[in-house]
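Features reported for this protein in TrEMBL:
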type     : residues : note
TRANSMEM : 13-34    : transmembrane segment
TRANSMEM : 55-77    : transmembrane segment
TRANSMEM : 89-110   : transmembrane segment
TRANSMEM : 130-158  : transmembrane segment
TRANSMEM : 236-253  : transmembrane segment
TRANSMEM : 274-296  : transmembrane segment
TRANSMEM : 343-372  : transmembrane segment
TRANSMEM : 384-402  : transmembrane segment
TRANSMEM : 414-435  : transmembrane segment
TRANSMEM : 447-468  : transmembrane segment
TRANSMEM : 488-509  : transmembrane segment
Amino acid sequence: ATMESDSVSTSKLSTVDIVIIAVYMVATVGLGIWASRRGAQGTVSEYFLAGKNMFWLPVGASVFVSNIGSVHFVGLAGSGAITGISVGAFEWVSAFHILGLGWILLPIYLKSQVYTMPQYLHVRYGGSRLRVMLTVLSLAMYVLTKIAVDLFAGALFIQQALSINLYVAIETLTVYATSRLTGFAKVGGYENLKTLYMQAIPQTTLDILASGNTTSCGIPREDAFHLFRDPINSDLPWPGMIFGISILAFYYFGTDQVIVQRLLAAKSLNHGKAGCIMAASFKILPVYMFVMAGMISRALFPNEVACAEPSECLRVCGNEQGCSNIAYPKLVLEILPSGLRGIMIAAMLSALMSSLTSIFNSTSTVFTIDVWKRIRKAATEREMLIVGRITICVLVVISIAWVPVLLSSAGAQVFVYVNSVLSSLAPPIAMLYLFGVLCPRVNEQGAFWGFVVGVAVGVTRLVLDFVYPAPACDQVDTRPNIIAKVNYLYVAVVVFVVSSLVAVAVSFLGEPIPYKKLGNVTWFTLTTD
């Protein structure tokens, strides 16, 4: 199916909007070229960690902005439009884990003097197999959940604005990236939003109901304004919200190279902690910036955002499974006046560029230091910088090739796709770092086998998810119960528990790592000087 949309005309952007966006893009590219020619990034430390000289304000802003990409503009708002406010729990739970990163993990990362997260595992557990396996898995996850998704989500925004082919938008974004509101007044406040959201039913669904037939397709969830939902039958069960999201948040904000690298660049531990406080405080905002924006978009444009008839959804956004992903672009393009539309799209591009450049820098760091440096032990600084840039290009090509798979498997909600993948693959990684920091008794053999078994369980579930995609709303769900009935947040808990049990059991069957080899790599062996 073509990704052209009939719902947005070519006249959505005025001349003023286009000028604003063009000026922003030219200015950003110009600044990037100027910065690249300053010659201040001649060493690996300076290129990958900004010379370890950032003070708390840019550190905190970098952590927050590196997390906020187009997947929030498109994915989080789209999930808000479909499921309601509870998806905001991902943001609020994360705030506590950012603080934990600053007070528990960051002191250890700084003391151990590592550049990358796989490098920490090598220092903590010894050996090299964990480091290599984690590097490979991390690069795969960057393609599946970061680069491809950010390119798709950002391109969708541009496609809705300009009515151009999705892949043309992706290519434009890629070239640009590598070179370098909510509308409450429209719905009358929060109380009116609740009323209008619950009444936001697409016309095709109303026609079905008027004909005497029954359907639940396109009808808002009754628990849309509930944060804690049914543990069995809901889309975000409350036990999964508490424990499953906590595992994902620990992985993302405690072990993910993209985020941690921002803090490793801090000039001191105190500046890193202050940056964490700043970023955690800002995590309150996405619920209002994106989730409620998506809900408002559904209330204002139910026929497009909440479409339920496959043929109608295909006409509106090119996706038979739903069009919730266009919730935020639709809101911006329809309710903002000329000029402000351009500023808003420029802001979205800014978030996208920050997210993508952070990911590009971090992936090149991981590959260069944890893979290339092992292959070419005598590699020069210049060679490593060149390899890092080539790595970025290769990953971008792979990510673009993955976009068609993402389109077929993500369904109507990109945000759910991302977190489903993370729920299968991230828990074993979270286990490695949690036990690495807090349990000195866990040795390399235990960590390795816990990781291997956990990844095997997670990959099995992930493959089944791709083999048995969710059916359309009006179709019978014939998937196996292990897929249809087990929420992805519960999968995260199961994979984490299995990994942990195997790691502990194998570790206690072997010899512990001598304490003298654990200096400054666990919480209990951290020196205070």
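Glycine residues also receive a Cβ, built from the backbone N, Cα and C atoms like all the rest.
TrEMBL labels come from automatic prediction, so no person has curated them.
Worth saying up front: this structure is predicted, and the values here are computed from it rather than measured.
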Same-chain residues near the transmembrane segment (274-296), Cβ under 8 Å, at least 6 residues beyond its ends: 56-64, 67-68, 72-73, 76-81, 84-85, 87-88, 91-92, 94-96, 98-99, 101-103, 106, 181-184, 186-187, 193, 197, 224, 262-263, 266, 305, 324, 327-328, 331
Stretch with greatest number of CB pairs under 8 Å, the transmembrane segment (488-509) reference, 89-110, 130-158, 236-253, 343-372 candidates: 236-253
For the transmembrane segment (55-77), distant same-chain residues with Cβ under 8 A (at least six beyond the ends): 87, 90-91, 94, 98, 149-150, 153-154, 156-157, 252-253, 258-259, 262-263, 265-267, 270-279, 282-283, 286, 289-291, 293-294, 297, 325-329, 331, 348, 351-352, 354-356, 358, 413-415, 417-418
Among the ranges 130-158, 236-253, 343-372, 414-435, the one whose Cβ pairs under 8 Å to the transmembrane segment (447-468) are most numerous: 414-435
Listed stretch, out of 89-110, 130-158, 236-253, 384-402, 414-435, that has the most CB pairs under 8 angstroms to the transmembrane segment (343-372): 130-158
Among the ranges 130-158, 236-253, 384-402, 414-435, the one whose Cβ pairs under 8 Å to the transmembrane segment (89-110) are most numerous: 236-253
Chain residues in Cβ proximity to the transmembrane segment (414-435) (below 8 Å; excluding those fewer than six residues from its ends, i.e. six or more beyond): 71, 74-76, 78-79, 87, 90, 105, 117, 120-121, 130, 134, 137-138, 140-141, 144-145, 149, 152-153, 244, 247-248, 250-252, 254-255, 325, 406, 442, 447, 450-451, 454-455, 458-459, 461-462, 465, 488-489, 491-493, 495-496, 499-500, 503-504
